[in-house]
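Engineer: Among the features that Swiss-Prot reports, ATP binding site is placed at D176, E177, V178, G179, L180, G181, K182, T183. For 163-332, the entry in Swiss-Prot reads domain 'Helicase ATP-binding'. The domain 'Helicase C-terminal' annotation in Swiss-Prot covers 491-655 and is backed by sequence analysis. The motif 'DEAH box' annotation in Swiss-Prot covers 278-281.
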Amino acid sequence: MPFALGQRWISDTESELGLGTVVQVEGRMVTVLFPATGENRMFSRNEAPLTRVIYNPGDTVESHEGWSLSVEELTEKDGLVVYHGIHSETGEKASLRETLLNHNIRFNKPQDRLFAGQIDRLDRFGIRYQCQLLRHQLATSDLLGLQGPRVGLIPHQMWIAHEVGRRYAPRVLLADEVGLGKTIEAGLIIHQQLLTGRAERVLIIVPDTLRHQWLVEMLRRFNLRFSVFDEDRCVEAFADHDNPFYTEQLVICSLELLRKKKRLDQALDADWDLLVVDEAHHLEWTEEAPSRAYQVVEALSEVVPGVLLLTATPDQLGHESHFARLRLLDPDRFYDYDAFLAEENSYKDVAVAAEALAGDAKLSDAAINSLTELLSEKDIAPSIRLIQAEDIDSELQQAARSELLQELLDRHGTGRVLYRNSRASVKGFPKRIFNAYPHAMPEQYLTAARVNEMMGGRKTLEAKAAQALSPEKLYQEFEDNSASWWKFDPRVDWLIEFLKSHRSKKVLIIASGADTALSLEEALRTREGIQATVFHEGMSIIERDKAGAYFAQEEGGAQALICSEIGSEGRNFQFASHLVLFDLPLNPDLLEQRIGRLDRIGQQNDIQIHLPYLQDTAQERLLNWYHQGLNAFELTCPSGHVLYSEFAEDLLNVLVGGDEDELTNLLNHTQSRYKELKHAMEQGRDKLLEINSHGGDKAKAIVERLAQSDQDTKLIGSVIRLWDIIGVDQEDKGENSIILRPSEHMMFPTYPGLYEDGVTVTFDRDTALSRDDIALITQEHPLVQTGLDLITGSDTGTTSVAILKNKALPAGTLFLELIYMADASAPKSSQLYRYLPPTPIRVLLDKNGNDLSAKVDYTSFDKQLSAVNRHIGSKLVTASQPILHPLFAKGEEYAQAAVNELVAQAREKMTSQLTGELDRLESLKAVNPNIREEELEYLRNQMQELSTYLDASQLQLDAIRMVLVSHV
């Protein structure tokens with residue numbers, strides 16, 4: 001390369017250094033100073049990764065003094081270029097030596113990089129275009145936020161998330177029965193709200209014992225990194241901000257923390273967008289004396305726009321408290337309890353009409369009269385005639401039924417505020433089969449119990465019952481903690497034999513404490529060499545993940561997983577169908593939680609529940625109360641908490657030392673009360689609410705679309721190529737999984753989410769659902785989103801030169817492929833992307849300026865191209881400059897015309913959708929007070945704002961590919 005002192009060059013490998021100046025040429029070496037950073041670089045003259053910077057007539061160059069020159073011509077003297085043209089400030093003719101060019105010039109625009117010889121690899125141009133297409137595809141999907149989470153595609157869950165997640169500041173009560181996935185529904189809504197920009201700051205309030213469960217659930221299922229706040233964290237965060245809640249965007253805390261006035265005041269001042277409250281049935285309220293917990297949530301609900309309340313038992317504390325929770329969501333709508341009761345009584349007529357529409361039979365006269373009265377402001381006669389007709393297409397009849405049903409749902413009931421699915425309305429649950437195994441009480445335990453009784457001591461009734469239910473713990477208190485109770489406990493002998501006879505089955509074992517779980521693992525390992533792993537609260541999240549993964553492995557994995565009560569919270573193992581309850585919890589909700597580890601939607605087999613117990617002990621009496629009184633082993637018991645509250649004292653007395661008559665009396669009373677509560681719940685089922693909550697055919701359609709998206713092989717190929725380009729090392733691990741690690745040749749110094757020790761991922765949803773340690777990769781996953789951002793946010797692939805070997809075209813024929821981006825700057829919360837997302841516009845020009853993009857598709861054209869090295873590419877660009885400059889101007893004309901059309905379509909779509917929704921809600925507001933004025937006002941403001949943003953839409957050249965025909 002010919003070098004001369006003072007010449008300006010740029011580094012091909014370190015473009016961030018800016019414009020360099022040759023300061024020394026000696027022998028075979030050249031030294032370049034980069035004044036913008038003050039750094040020197042020494043290169044071999046023959047192989048220097050440098051590109052000479054020479055501007056052309058028509059370009060604008062900037063001097064180091066800040067003024068610009070419009071270049072008209074250039075001259076060269078002693079190897080240095082002098083630019084001549086018009087001074088930007090004086091308007092007069094001026095000259096500028098290249099040595100006086102601005103050092104900070106960077107070639108960010110594709111045209112500048114192309115003419116400066118900064119030409120990228122051919123495959124990088126392709127991956128950049130694919131990245132822009134993927135971003136556009138994601139932004140335009142009406143299912144945005146539903147595909148990425150690692151959850152099963154359950155229709156009713158996806159329906160609720162789809163309906164609620166799209167709203168501005170949703171305020172709803174999620175009240176599905178146990179096991180139907182309220183946490184997943186809430187997570188899906190949170191994920192949607194964050195991904196679409198409707199929310200940025202989220203506060204989740206949960207019982208103290210569930211903080212960790214929610215933290216794990218949000219991270220593992222939704223890739224959302226929440227922070228758990230307690231008093232210590234608040235004190236620690238005070239160093240960074242006066243209000244600790246401002247130090248994080250996504251926060252989980254307990255209700256106990258917010259009972260403190262100081263912390264509540266700080267939370268009230270923290271500008272949350274969305275508030276989520278789990279176990280909301282604990283919020284007790286009466287008009288005269290609302291509980292402190294209720295007052296805390298009420299204060300927050302008054303200042304936070306979006307509120308999600310979660311409860312499996314909305315009537316647990318009475319119907320008045322249920323009304324109070326609805327009042328938290330919309331105090332204007334639910335202002336009077338008596339009015340609420342009167343309105344509820346009218347729901348029965350609506351439910352009868354809804355059930356008639358939801359079926360297939362012809363409508364009765366009573367149903368028609370009821371519908372006509374309920375929808376009096378609408379002429380429904382044509383729809384009724386269609387439904388009643390004999391020889392009409394069934395699809396048309398079904399459409400008419402669906403339309404009338406939707407009208408009912410819109411106009412009556414609490415459908416927009418309350419969602420509740422029951423096991424009666426959602427199919428797909430397995431049977432629960434209970435097996436009990438009696439064993440004689442060991443003499444060692446009897447001795448420990450006698451010693452304990454002689455020693456006396458003050459203990460509560462509940463503490464005595466807990467001791468009676470876990471004799472091994474009492475035994476260890478007297479013998480010492482290392483006592484090997486498992487060497488004589490007959491339940492352990494039974495467990496070993498059971499596992500040996502079920503070697504091909506995965507078995508989940510749950511015990512009350514971590515010590516018991518660890519002892520059981522030791523017993524299985526030392527006595528029979530049975531592969532088992534433990535899972536308890538003393539382990540870190542990573543350790544629990546590894547244990548769960550070891551249990552989930554089909555080949556070489558653990559046969560049994562032994563969990564403690566707390567350690568198993570939030571984890572589901574529905575790939576197993578055998579559950580061993582080594583002991584029983586005192587609380588019916590905890591029993592249901594244990595069984596719920598396996599009894600979930602998605603469980604493929606009947607669940608076998610095994611309970612080894614000690615005869616004539618508290619264990620047998622509690623078993624009988626659960627089984628005969630509540631039928632809690634074989635069916636879910638929504639009234640379990642109420643029954644325990646009512647019978648707790650009698651139950652504890654029976655457990656500690658009651659006789660058979662007391663037990664029989666307790667069982668009779670419990671059975672009677674259980675039937676009463678069950679009947680009341682059945683009578684209270686709101687059929688209209690259930691129809692609205694599970695979504696019917698619409699929910700199934702959403703799931704089908706998501707399932708099709710999961711099978712998109714094009715997406716998988718694009719993501720794999722993206723990682724290849726970036727330099728991510730990919731190791732096939734088998735079982736549909738890949739291990740990703742940063743390689744030594746990463747294109748970017750950091751890749752957030754990609755750790756040094758690797759990340760295991762899969763594109764298969766079923767694999768991800770069965771393995772907590774494997775991430776599910778979709779286009780919504782942070783690893784994909786980050787990869788797209790790294791490519792599109794850098795200059796990777798913005799310039800490329802290729803050869804087209806085609807003898808049907810004259811050699812030297814030139815094509816210019818231009819990728820423009822149509823975009824409009826707007827806050828993410830405006831949701832402009834729904835109408836005008838960042839859209840790639842492809843223009844393919846021949847040398848005469850004709851756009852061939854409609855005739856020559858990208859994929860077929862790309863397959864015919866061959867790469868050229870950078871130096872040859874740079875020479876070809878230089879030789880083609882006279883042709884290229886006018887083509888760029890022509891390309892922009894075509895692209896601008898396309899943008900104008902896109903903006904017009906976006907405006908029409910926006911106006912049509914929002915006006916239609918506004919008209920619908922305004923008409924509904926007259927008959928359904930559930931429609932909030934805030935929603936209407938939001939839609940009006942959104943239309944005005946979006947119109948302004950569309951007016952400011954922009955066009956930007958994103959990437960260039962110059963193609964020359966060759967016959968060689």
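For all residues, glycine too, the Cβ spot is worked out from N, Cα and C.
Remember, predicted model here, so these are calculated numbers, not experimental data.
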Engineer: Could you give me three numbers for the motif 'DEAH box' (278-281), the DSSP helix, strand and coil residue counts?
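Structural biologist: Across the motif 'DEAH box' (278-281), DSSP assigns the residues as follows: 2 helix, 0 strand, 2 coil.
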Engineer: Taking 8 Å from the centroid of the Cβ atoms of D176, E177, V178, G179, L180, G181, K182, T183 as the cut-off, which other residues in that chain fall inside it around the ATP site?
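Structural biologist: Neighbours within 8 Å of the Cβ centroid, excluding D176, E177, V178, G179, L180, G181, K182, T183: A312, N421.
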Engineer: Could you check the binding-site residues D176, E177 and say which one's CB has the fewest neighbouring CB atoms inside 10 Å?
Structural biologist: E177
Engineer: Please determine which of the binding-site residues listed here (V178, L180) has the lowest count of neighbouring CB atoms within 10 Å.
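Structural biologist: Looking at the binding-site residues V178, L180, the Cβ with the fewest others within 10 Å is that of V178.
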Engineer: I'd like the number of other C-beta atoms within 10 A of the C-beta of T183 (ATP binding site), please.
Structural biologist: 21
Engineer: Near the Cβ of G181 (ATP binding site), how many other Cβ atoms are there if near means within 10 Å?
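Structural biologist: Counting Cβ neighbours of G181 (ATP binding site) within 10 Å gives 25.
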Engineer: Might you list, by sequence position, any residue in that chain lying six or more from G179 (ATP binding site) with a Cβ less than 8 Å away from its Cβ?
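Structural biologist: R423, F429, G596, D599, R600, I601, T636 - these are the non-local Cβ neighbours of G179 (ATP binding site), listed in sequence order.
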Engineer: List the same-chain residues at least 6 positions away in sequence whose Cβ sits under 8 Å from the Cβ of K182 (ATP binding site), in sequence order, or say none.
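Structural biologist: The list for K182 (ATP binding site) reads L174, A175, D176, L310, T311, A312, given in order along the sequence.
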